[in-house]
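Notes to accompany the following structure.
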């Protein structure tokens, strides 16, 4: 720890991932005043350590939420209609528009407020977490949100860093500490951080010290190995002291977050477009009726109808004012063509439907004890429209659990069993190779430890030691050597290895790193320089050895091992070069690289190791299913290219025959970026690109004007790629890739999935963001739209739940517009027969309850329960996902068909009843029917027709469907009987008294109802039969039943006993009903 009277200041340079953001700050440890004679210092104000991921506050919730809701066309429209009804005299009551609007706004606000309250709750749990600060030599406990820049913090083992810190001192003798960044990047390995006096890095911060007892000023460079990032956890170190340098929303984790924006699905955008069309139709209807009304009243004998009760003052108004008032009145009369109740139903369908994901037993992970979580239900149907999947690698595709598979020594391949059985000659190259593996690493021995409730280091119930390291590859190699009989024990810096004929001790006297490699200087009588790293780093430095026989293996991570014997003089020269380069304050990276080049020469290749990064369970099958479903899968990772490419081959993202185009820094150094891009022919292949090249593509230099538009060329290549791997990516670069694809001319639907905080930016940027819940933290899960335990659950979420959600909600949207056209178009036609007097065709009760009670529940239940194809079929045949891609069920031709069908049914209802009413003595006793009986007849045919239309479209029948559909029709009949059979004292009119009973007492009325319903449904039935017979889709072919041998097979009996009830599935007209098995839980 620094002396109490020591002051220090930090100057921060550019942050990783923020290429255009630079922050220079001076921080005094413990908020001490500057020493006498120091330069003028102006105190700077920094934010507190509060983290905010919520969208609303207590004060802005109401205005902000109302503003967002009234951005919806339907909500804004009904607000205007409601105000018009309050201002002028209209045919209908303001309650008919105001009450549904208030219900929609309230339900949506409660739903969004609850979701944001959960975010506040999560933020408070982080901001109020207790931490320890050193104040005036004493340790004080306070809340995390109160940390300020310059505070000296005490962090104990297994505690999470509350902000970005610089390590001052450690309980370890060597001044280091071990941290895990699982919650940041998904890697559970132990990384090493060092205090300021043993630094080495590239991104430079400077520490200036001025002790009161000394007269000289000293400086040391600080780097990323001295920086402790928020969200990381202290491991294998009793305690550390560190100073806060970045707090709150200025921490690296917070800077990598994208701003939360309101995501809207493609279905909602289609709904808004359809509403604009229907609004234009509504305005057209109102305009036509207003013009025709004044044309009609131009005849002196055809004045304003007496029953409109217009006063003389109203009749004497200017014709423009009267015309505008009549136009607004017609708008109110026809406003039911805009289905405001559709938004209520859609909100309820999304909210209730989201529970099917959370209740799905197939998406429950027993190991974690977690099931899927829905953070927002607004995007359920978007799961059925995904075209691009962007996935992280470590912790998402893989378990980040390495296993030693084999090694190649002097051209011979050995597996662990062969080494353990003594089949390896432990002399010469083999001896040096195994010594290098046991010495060239940063592995530490750790006793029993508990991580996420799982105890490590227990064997047969007794504590034992286990290995930890900054790299899981190194742990895998050391554990592999141990299983093979080559055991490593150590006391601090001295190491012993023994295995059969291989015994000895050695001291690691120096360890140093460079890009893609690690070197150690070992003293065991002689001084050796052992180097271990990627083949791209080792091969150029090798002068002898069987290089050509060390080959990469598909799906495996390879590390090459080489050595060089050093004389004492050479070792001293090596130490001097490295020390001078490490302490350099300027051009530090260049000087370190030059020192490494001078030291790591004349190497002899010993061999190579092959380590497998285990894929998550069923990860390869999930990737293959996504490909079959027509989705393009991109892997975005910060790992090096060799490691990431091996995982891509193992997960079947790339296959053996895949032609891979590389756009990497090495490739662009050999030829210009323009030539490298144009060298890729536009055919089906895989693409590998790194972060540096991507920056050049997205932000080309001045020479790009003559070379062309790199971005367009890059997008054209990507469109023809079956898979893309982006390696060495910063978190914000992941979001840039997603944004680039979203903004392309096709505007595809994107999905991003990851498990760490470095994936949050792309999760927020994509149309749909999914977080993996695991041992790697909860940042991604908390900021995502959906959270699942494992990557394999993505398959069912998209292919089954996404498929069902889209089918259901697309039918719901089209059906709502259809039934409202059927509802309001007869009202438009009726004006031609009532002198354009704005006389309603239906009673007020029918106008109010049509969308709320009579026709709402059947379509709501359909949108929750419908299964047009069995779950097992959807899971086994991913190609069915292509049938619903690109929002195909909400395209304009289908929308126009539903609208025309609604207009046809409305004309059949109106004119059918009109011609049947031509003989006004419609009853047996010669009593005449009036206009309310006519409207009731049309309304009765309307309710039964639109309900039977839904019956024809339903494939999955349960007792709930029967209860709701037939119950709704019975409710309509019972309500009509009560509404017209009782004189209600609170009504100032009794126009519906005995109307419904009188209509039902007429035999011709019964016959007309049956004929009109049949005539209205017949064209749709004929159309479906013809299309299924001549142009069936893949889905319709699967729905055709196949003959089953025997009435009940053992499989049927077995599934029946498991609780699956057979449900009759009514196929489309012209097909025989089939029987499927399924549980409501998976609906």
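Note that Cβ sites are derived from N, Cα and C of the backbone, with glycine treated the same way.
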Given ranges 247-266, 307-326, 327-346, the stretch to which TrEMBL attaches the annotation transmembrane segment: 327-346
Neighbouring binding-site residues, C-alpha within 10 angstroms of residue 734 (ATP binding site) - of 394, 755, 759: 759
Nearest of the recorded positions (392, 532, 637, 639) to residue 755 (Mg(2+) binding site), judged by Cα-Cα distance: 392
Model confidence over the domain 'P-type ATPase N-terminal' (43-97), averaged pLDDT: 81
The domain 'P-type ATPase N-terminal' (43-97) - residue tally per DSSP class, helix then strand then coil: 27 helix, 0 strand, 28 coil
Nearest recorded site to residue 637 (ATP binding site) by CA-CA distance, among recorded positions 392, 394, 759: 392
Spatial neighbour of residue 392 (active site, 4-aspartylphosphate intermediate) that is closest, considering only the binding-site residues 532, 639, 759 and their CA atoms: 759
Cβ packing number for residue 734 (ATP binding site), 10 Å threshold: 31
Distance [Cα-Cα, Å, rounded] between residue 639 (ATP binding site) and residue 394 (Mg(2+) binding site): 8
Most Cβ neighbours inside 10 Å, all chains, among the recorded positions 392, 639, 759: 759
